[in-house]
């Protein structure tokens, strides 16, 4: 089967199109990681909490922790280092759109920095999630990226960058602690603003602190720790500090050892202490300031070691005054005054506007412990606020701030077994952040659709404003307002204040988001229902240090302590100081106002498990977080309009490869408007119009499946281009290999002769002149090629048969044929078989049709060494009996055209095989039963076959047994070929394109490479001969095994050379006589007339011309594929007929006369003979000048070579057969 090649393209030279400056050339991303799940939750086919969880789980287990919801980043804490925050990874995100790279916190940072520069807008990122979900880590990575991405032109800019980064270890040490859920939990909230100058370089910064958890200083639950700085200081303090401040190990202090957890996994306190000291130096804290900070920390630790006992009156008394003396030394206050402030409380009585009496009320042990702890908490809280203000002072040292990027890292939503005032404050702030998240997200979405004039369907969502009002409202009063009223009513008694607050809570029972339960109340937050304890909640809301403690600190001689406690006691003031609830409401509203002035980005963090394990994924816990974070609503809001949107330029840059209007060979060629380019891309990609809308500046795609289809087509583009390049390269290499093989074969044949012809000659000797020869066996091109079914190739029918019958060895001979099958009481049948010969075994393969699929099975497996003899007749039939030496099987009787070649291969493999040739074939029809098959001459038998009936073979008389193989014909001479081409062009007028359209289309069977049908005498063998190389087809040197079909109408613009003209150049150029002088002009010759030798009913195709035996027609064109273009004598119909069915009409004696401009008469057309030989008529008068003839021939040869070069890709010549 010939290799099909595409026709060559007509290449038109064009100037390369200028690529738009806004569209980048597409490149194949070889480092692209195979995606697990979807990188954007809006692309989920099904939207549900379970589907979101399943997608996050797949990515988490694949070490992919980041996922988008539109522009919102979802981050799952991996609890391990994934190596995704290196400088190399950071560089991959610089200057990239978020769709060009996988989801990452660096992509959010790049987007903020880019938007600030491009749109001159303030940016902020809101990081939310529960404790231990990775909020602080995300904030650190954003600061890391912005510091690295922004340019540095001056030393001061570089210093600001270093200071911004130094705030992380400093504030982590003083504001983070180990909890049961997180080893580095932020116990405060902060909003860091990085300010940039007009060149977008960081030039300043500011930190706002929110609600430090002061209670952690004095008490922690079991297996938790105090703030990191206490353990860093007690473990890593220098000898000078230990001597000056009396620093001991953490086990020696109540505040650090009471919870039973001194160390924590993944935390190195000594190393972190050095990082803290380094950060202090970078920020600009002097050594004296550092000494005072650590002096206060030592004082807090020693305050915690102050303990009390009961005196004789049952009041509190300091157990060890040496401890209070050392605390007084550290705070630089009077020791007795300190003791008095810890065990007594000053009370004043008022009489209207007059000041009343002052009383010193002694405290019991519980009250004294509370006063001690209040002093420690006050010192640490004020120290933390001073550190934040000191950092801000350093960051504001450089003027010129224009725009800013804000990073909000705030505590996550908290639900504990016992929840008090701290939890209601934390959860209130998270409610406010959720509110602004929903408002800004939905508002931004609505504004986008309105701006782009896009139609969309609004989505319902839960607005938690009602919960925020429940907590913060003043009219009607909310929970904080009710708490303030209770404190004002019973300020002197905490228990009374709690009872008053419980009574006021009855006002909220009608609110659907509130529930009252005895001494507890429930608020139904967006993240879940939280139960709060009433006991002690009002006292925490006061947030006031006792006036006597304030007066105590006012007596200090330490200027640093006086600095961090700037407020003095105003005993005359009657105005109620602000409570903790007032402060948190003001801070939250200020935060919302600040965030509303910036363009927000969002990071929603998720904690996958409580075990802090990198391999555990708790579905139940994650599902709870998905619900209270509102991820499903966020996805629905995002997809309420469209799952994907992109500006025209970016969309074209991404997908222009999908449209031939916009691209060629990977280059962007579109010169028009980008909107038109978008339309062409969507149109050429067959995207339905209802799946997208075009806005003013952006394209909006409805469903994620549409985007998947576009991305898939874009990916396949690169695969298709690679396949085309590979195909062209393989074709080039194969042509080189074929050319080299042809040259090598020619050289070997010149030196040693053709091995296939040698094998043929050896086979002729094997028969020893004892058997009549068939005409096809004597052809000069006949050679013993062996594997006619191409079994040894990877993709062929022979290889398929070989695999079916499980043959592992190399096949040296393969052919289709027949085998005689006998049945008891019935006539023998000739069944189709396939014969495969390997170096050791002869296989006879049968075929059966099973469910419309051909199945091949082994009928015989014969060891070559077990073959005793082969038996043949002495006539030209093709029957062979394989006689086995010892076997329980009968001897197979087979029929194949290439019997001589099969016997030759068997003889070479087993020299002991006897070749028995006689008038009959003898073989064992059954084991032990000898059977004889006679052969007789019958001229009525088929010319190319035989008749088998009743153990008798009837066949025509063949060639004599001693007939020799014809000499292989010489190849065409290039000069004669050129002469022939020149003559052909001169003698016949080329058919115009318009005329070619009227030529009948070739029969449908010829389009499938099917040869013309054989004459009726050969049709009884057509089925078996169809897959056998026809020796008759080897008459022409340019033919291959598969007979080519005649050209279609579209390829017949130029007529082919006549067979007679081709015959003129068959190796006789040395004897060509000089042409005679030009004769006078003659009339135009008529077409040759042919007569139908057989009936040709045709296949029903309109391009065929049905004929009856004896019909006479004109033959206007003859093709080498076996078809001729015929026309009725009256010219009423024209069509294709098989050449083998036609013979020259006896009354046709017209010889065409030569044209005026040539001096060589045109030869007569070949007559097609039944024996497949040609009787060529050579003109007698060829007596012109040899020089003129050679000149014309060379000119024609040059013209032919030029034409062949132009059409080389379209019509490559078939490889020449060697046999």
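Positions of Cβ are set from backbone N, Cα and C atoms, glycine also.
As annotated by Swiss-Prot, region 'Disordered' applies to 1-20 (among others).
Residues or ranges marked as ATP binding site by Swiss-Prot on the basis of sequence analysis: 129, 130, 131, 132, 133, 134, 135, 136. Non-local contacts of residue 135 (ATP binding site) by the CB criterion (under 8 A, 6+ apart in sequence, same chain) comprise 127, 128, 129, 186, 409, 410, 412, 603, 605. In the three-state DSSP classification, residue 135 (ATP binding site) falls within a helix.
What Swiss-Prot records for 357 (among others) is phosphoserine.
Residues or ranges marked as region 'Actin-binding' in Swiss-Prot: 588-610. Long-range contacts of the region 'Actin-binding' (588-610) within the same chain, counting only residues at least 6 positions beyond its ends with a Cβ under 8 Å from a Cβ of the stretch, are 56, 60, 69, 71-77, 79, 105, 108, 111-112, 115, 119, 121-135, 138, 181-182, 191, 208, 210, 404, 406, 408, 412, 428-429, 432, 435-437, 440-441, 472, 616-618, 621-622, 625-626, 629, 631.
Swiss-Prot lists 777 (among others) with the feature phosphoserine, giving experimental evidence as the kind of evidence.
Per Swiss-Prot, the feature region 'Disordered' maps to 951-1106 (among others).
Per Swiss-Prot, compositional bias 'Polar residues' is recorded for 951-964 (among others).
Annotation comment: Swiss-Prot describes 992 (among others) as phosphoserine, evidence class a large-scale study or a structure entry.
Annotated compositional bias 'Polar residues' per Swiss-Prot: 1030-1041 (among others), in sequence order.
According to Swiss-Prot, the feature region 'Disordered' maps to 1139-1167 (among others).
The annotation phosphoserine is assigned in Swiss-Prot to 1205 (among others) on the grounds of a large-scale study or a structure entry.
Each of the recorded positions 131, 777 was scored by the other Cβ atoms within 10 Å of its Cβ; the lowest score goes to 131. The number of other Cβ atoms within 10 Å of the Cβ belonging to residue 130 (ATP binding site), over all protein chains shown, comes to 24. Other residues of the same chain near the ATP site, with their Cβ within 8 Å of the Cβ centroid of 129, 130, 131, 132, 133, 134, 135, 136, are 77, 182, 185, 186, 412, 605, 607. Sorting each residue of the region 'Actin-binding' (588-610) by its DSSP state yields 9 helix, 8 strand, 6 coil. For residue 136 (ATP binding site), the Cβ neighbour count at a 10 Å cut-off comes to 22, with all displayed protein chains included.
Distance noted between the C-alpha atoms of residue 130 (ATP binding site) and residue 777 (phosphoserine) is 91 Å. For residue 133 (ATP binding site), the Cβ neighbour count at a 10 Å cut-off comes to 26, with all displayed protein chains included. Taken through DSSP, the compositional bias 'Polar residues' (951-964) splits into 0 helix, 5 strand, 9 coil.
Reduced to three states, the DSSP call for residue 777 (phosphoserine) is helix. Within 10 Å of the C-beta of residue 129 (ATP binding site) there are 25 other C-beta atoms, taking all protein chains into account.
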